[in-house]
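Chemist: Got a structure here, written out as C-alpha cells. Questions coming.
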C-alpha cells in the first residue's frame with residue numbers, strides 16, 4: 001500500500017514576503033504584532049501552525065505552506081505535508097513542517113520536499129539560519145525529513161497536546 005501524505009489545516013499567521021511577525025492571541029481571538037524582524041529579510045512562505053498540537057518548544061507545531069499567491073493572516077489552508085526542516089532555536093528543538101495547498105492544481109504532483117526546487121529549500125533554510133542574527137539569537141539548521149517522518153512528527157505533537165489537556 002502506497003504512503004498517503006498527511007492533510008492538515010494550516011492556520012496562517014504570517015504571509016509570504018512579510019517582515020512582520022504576527023501571533024494569534026487565542027485567549028482574545030485577535031492577531032498581535034509580536035515584532036518586526038530585525039534583519040532585512042522576509043518570510044519565504046506562508047507561516048503558521050497546526051491547531052491542537054504541541055511541539056517540543058511548548059508551542060503548536062509550526063508549518064510553512066508554499067503557495068502561488070499569499071493569503072491573509074487567519075486563513076486556514078488545507079495542506080499536504082511534504083516534509084519538515086529540523087532546527088534548533090535558542091537551544092530548543094523547533095521543527096518546521098513544509099506543505100503545499102491541496103486546492104492548488106499547481107502542486108498536484110508535489111508529494112515530498114524532493115519535488116520542490118532545491119533553491120526553494122535553500123531559501124527556507126537560509127531564512128531560518130539568519131533571521132535572528134541581529135537580535136543576537138542563534139539558530140542551527142539540521143536535516144530535511146520527508147513526508148513519512150513528518151506524519152510521525154505530527155502524530156507525536158497531537159499526542160503531546162492531548163496529554164497536556
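Cβ atoms are placed via backbone N, Cα and C, with glycine included.
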Chemist: For the Mg(2+) 1 site, Swiss-Prot lists 57, 62; sort out which one of 25, 94, 104 goes with them.
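Modeler: Given 57, 62 bind Mg(2+) 1 in Swiss-Prot, the matching entry from 25, 94, 104 is 94.
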Chemist: Which one of 131, 161 goes with 21, 35, 47 at the substrate site, as Swiss-Prot has it?
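Modeler: Checking 131, 161 against Swiss-Prot: the substrate site match is 131.
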Chemist: Pull out the binding-site residues from the set 57, 62, 94 whose C-alpha sits within 10 Å of the C-alpha of residue 47 (substrate binding site).
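Modeler: So far as Cα distances go, the binding-site residues lying within 10 Å of residue 47 (substrate binding site) are 62.
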Chemist: Hey, which of the binding-site residues 57, 94 is the loneliest by Cβ count within 10 Å?
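Modeler: Ranked by other Cβ atoms within 10 Å, the binding-site residues 57, 94 bottom out at 57.
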